[in-house]
Amino acid sequence: MTRPETASVKGRQAQAERLRAVWDNPSGWRYWTSVNNFQIGLWYGSAAFAFMLFAGVLALLMRMQLALPENNFLSADLFNQAFTLHGTVMMFLFAVPIFEAIAIFLLPPMLGARELPFPRLSAFGFWSFLIGGVFVCGSIFFNAAPSSGWFMYPPLATDKDFSGIGADIWLLGLSFIEIASIAAAIEIIVGVMKCRAPGMRINMMPLFAWYLLIVAGMILFAFPPLIAGDLLFEMQRMFDWPFFDAQRGGDPLLWQHLFWIFGHPEVYIIFLPAIALMAMIVPTFAQRPIVGYSWIVLAAVGTGFLSFGLWVHHMFTTGLPQISLAFFSAASEAVAIPTGVQIFVFIATMLAGKVILSVPMLFGTGGIAIFVIGGLTGVMVALAPFDWQAHDTYFIVAHLHYVLIGGMLFPVIAGIYYYYPLVDARKLSDHLGRLAFWQMFIGFNVAFFPMHLAGLRGMPRRVFTYPADIGWHWLNLISTVGAFIFAAGVLVVVIDVLRPKHHAPRGETNPWNAGTLEWISEPEENWGVRSIPIITSRYPLWDQKNLASEINEGRFYLPDAQEGYRETLVTSVLDAEPLQCLRVGGTSYVTIVSAASLGAVFIALTFHWWITALICGVVTCAAIIYWLWTGTAEIPEKPRKDVGLGLILPLYVSGPSSVGWWAMFITMVGDGTAFASLVFGYFFYWTIHDDFTAGLAGPGSFWPMVALALFLAAWLALLTARTLNDRGQPFAMRLSLMAALFLTAGGSAAGFMGPWSHAMAPTAHIYPAIVWILVIWMLAHAAVGLMMQVYCLARSLTGRLTDEYDMDLRNVVLYWHFLSITAVVTFAVIGLFPLAI
Amino acid sequence: MRFVPKQIESLWTLFTAPVVWAVHFLASYLSAAVFCAKQEQLAFGFDMLRLAIATFTSVALAMIVLSAWLAWRQWGFGAHDPPHDDPTGHDRRLFQGFATLLLSGLSFVAVIYVAMPLLFVTECWR
């Protein structure tokens with residue numbers, strides 16, 4: 001297919017220069033204000049990898065301690081800190097973020113987009129992650145790291161004498177990082193759904209994008225329960241609210257539920273993107289399209305759903321009714337089906353093609369072999385009776401490392417070797433890669449296989465030492481030797497990545513002869529793609545002749561940046577038809593300021609510096625409002641723009657066809673999940689007690705019903721404001737907005753009066769505590785809703801919100817749809833449910 | 001009102017059967033958990049719980065079968081073979097139909113898995 005000449009050679013050069021200037025990074029220290037997906041992805045990935053190395057060193061220290069019986073290399077307390085931080089860092093600071101990093105780095109070129117829709121949000125997420133990560137990791141140097149295990153079970157972790165400040169660092173540091181993960185999820189979902197190159201219908205989408213879409217959806221439902229749990233946990237630690245204190249009606253088991261509702265999907269949130277990398281690598285080295293594309297989609301979606309039905313298999317020994325255990329055991333067995341499908345698809349693709357056993361394939365296939373062993377022991381421990389024997393032993397340690405290292409670390413290293421040419425235009429060393437693989441593969445098995453046996457011989461996890469005469473010592477010694485061989489392999493990878501390569505000649509652009517679009521991206525350029533192509537194949541570089549050269553000559557969409565804005569295309573969900581020319585945010589300090597001030601809020605809270613926390617909170621709010629005011633919903637200088645090839649697209653879109661609306665929708669789904677977790681907590685307490693009110697006064701029905709009525713009225717006033725705005729009546733619209741504002745304030749006051757007027761003391765018992773927490777959640781959301789109303793009013797008064805340009809108002813109305821649901825549930829539960837029992 | 005829904009253009013249909021699985025799973029787990037926690041205050045026994053979950057299961061399986069039939073229709077009743085990778089709206093719909101059909105199959109099996117404990121467990125043992 002040849003494109004018509006759109007400009008002369010000289011004209012095209014001028015276009016390229018304008019485009020380059022718009023996407024260029026600032027120099028000097030201002031380089032760090034970049035928001036480009038290429039830099040953010042690289043920084044994100046490098047930081048995550050550095051955290052991994054740090055946690056790996058902690059693991060080696062632990063192996064040194066365990067190498068010999070009755071060893072005193074580490075003290076018991078330092079050992080506790082080391083294993084807690086090892087698990088925490090590997091899960092929260094490496095396994096999940098590395099995929100956010102890879103997604104941010106790879107998705108735009110893979111989808112044929114210039115950028116993801118919210119580059120500043122990605123940058124904000126990165127800085128949040130970095131600050132939170134350094135805070136959590138740094139604690140061990142002050143002997144203040146969390147030490148209660150990476151899942152922080154109460155009552156140990158709620159006991160201030162036993163757990164110290166480390167638990168607060170864990171809770172607040174990680175809550176902050178979870179926000180970064182949700183930010184990445186929003187970016188990925190909207191990016192994959194709305195920013196694909198024209199023609200890239202959903203049946204042509206790269207499998208990596210399918211997986212990431214599912215994973216981002218899972219983050220949205222998995223992380224919020226943990227955020228809700230963190231909130232309850234911190235309320236107990238800071239203010240002595242008894243959520244997990246059995247003496248005052250609480251229950252430590254609620255934490256286990258909330259943690260594992262997050263924790264088990266987390267395993268698949270980690271595993272699916274790794275498999276996604278394999279789904280890109282295997283076809284390239286089999287030199288043929290993947291066999292069973294639809295089956296992979298089945299597997300990704302199926303695993304995504306089923307993984308939420310597994311959480312109780314971490315709680316088989318907590319004394320839940322056997323019928324409950326059986327449901328989760330059944331679902332745990334069922335998830336093996338889609339997982340197996342993926343493995344068979346890869347095997348079939350390799351059998352159907354002619355496999356080139358390159359370094360990425362070595363790591364990929366080696367990883368899958370390890371993962372399959374972990375999967376098989378997983379099927380074993382999914383059976384409750386077996387789990388009762390193996391629970392909390394080294395058998396579990398072996399199982400989880402087989403799953404995570406085989407299912408995640410090896411594919412990531414495969415991905416590094418595969419995608420490194422996109423970072424530096426050169427391949428990593430084949431020789432060093434093979435050396436690293438064999439060291440890691442052999443070292444891994446030597447280290448972790450004996451742990452199955454140590455576990456079956458009764459060695460519990462997390463012990464800092466053991467006696468000499470119970471038959472664990474030589475198994476542990478072998479494990480330690482294996483761990484160091486494994487670490488030597490990782491070191492070789494690090495050396496290979498870091499060694500200077502500028503003396504080596506620049507490699508070809510697509511050195512593996514891959515078929516997917518990301519391989520046209522050139523590391524020297526910041527624009528993602530020179531022009532946004534029309535895609536007609538799943539493997540466009542194999543099937544669309546001359547595609548790369550035509551893209552690079554700027555013969556497709558948006559080859560220019562005449563107005564000096566960073567622009568990309570928004571397309572439709574199913575068929576990727578062009579809908580809008582989207583202007584995305586450019587280089588800015590505001591992301592760093594927002595992340596740093598929000599980070600300071602969390603850090604100040606850890607040390608109970610209330611005033612500092614308050615000041616930083618105000619700074620955060622101001623920074624975010626400045627960010628929104630100056631960088632979003634800007635009215636363009638003209639309504640439409642010629643994007644090339646004779647296509648004219650709008651520059652401003654609002655409502656459900658805009659990316660901002662979808663971002664709000666996705667955020668609120670996550671937010672709703674956190675709220676649902678708190679409501680789950682309310683009913684959980686109801687089930688465990690005969691009378692969960694313990695005879696204490698409730699909030700009554702009167703004030704909750706008044707609050708509900710006022711919030712619903714506020715919502716209706718807002719809907720009216722939107723209608724009036726559509727009709728071009730700005731004055732009436734502002735009046736309606738002000739009415740909504742007063743109704744919101746009134747509703748908040750009435751909501752507060754319920755528990756307040758009945759003198760409910762949250763530290764006395766679980767019932768007042770859970771009622772208060774629901775009310776506080778509602779009021780905090782009402783406060784945000786109120787700020788949004790004021791914001792819309794201000795935008796309208798300054799002419800930035802009109803009947804034609806109404807994105808802000810539509811997004812706020814969407815927020816209020818969710819807020820009204822929250823109000824109905826909150827006030828019905830606290831006001832009416834006690835009457836029904 | 002039509003008994004069989006019209007063909008609609010949406011990505012959401014892909015998730016129908018897994019959502020049915022999720023709702024069935026939650027309904028089964030929550031009703032069993034609440035029953036076992038509150039059984040002393042309830043006027044009915046474990047057999048009623050089994051009957052209730054069996055009813056959920058039948059409804060869920062029926063919904064999944066309907067979703068599978070709709071997917072089969074979207075897939076052109078199997079008249080076309082995968083990989084469905086042509087750059088046309090037709091192939092995109094075939095792909096959606098096929099993937100939805102596969103997911104319906106998985107969800108059907110998964111619902112049966114989750115319901116199976118009811119055959120073996122007859123009271124709230126702990």
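Cβ atoms here come from the backbone N, Cα and C positions, even for glycine.
Within the set A:659-682, A:731-754, the record from TrEMBL flags A:731-754 under the feature transmembrane segment. Distant neighbours of the transmembrane segment (A:731-754): 699-700, 702-704, 706-711, 713-715, 717-718, 720-722, 724-725, 771, 775, 778-779, 782-783, 785-786, 789-790, 792-793, 796-797, 823, 826-827, 830-831; these residues of the same chain sit at least 6 beyond its ends, with a Cβ under 8 Å from one of its Cβ atoms. Counting only same-chain residues 6+ beyond the ends of the transmembrane segment (A:121-142), those with a CB under 8 A from a CB of the stretch are 34-35, 37, 40, 43-44, 47-48, 51, 54, 58, 81-82, 85, 88-89, 92-93, 97, 100, 104, 165-166, 169-170, 173-174, 176-177, 179-181, 183-184, 186-187, 588, 591-592, 594-596, 598-599, 602-603, 663. Between the transmembrane segment (A:432-454) and the transmembrane segment (A:361-384) there are at least 3 Cβ pairs closer than 8 Å, counting only pairs 6 or more residues apart in sequence, which means the two stretches are in contact. Per-residue confidence over the domain 'Heme-copper oxidase subunit III family profile' (A:662-835) averages 96 (mean pLDDT, predicted model).
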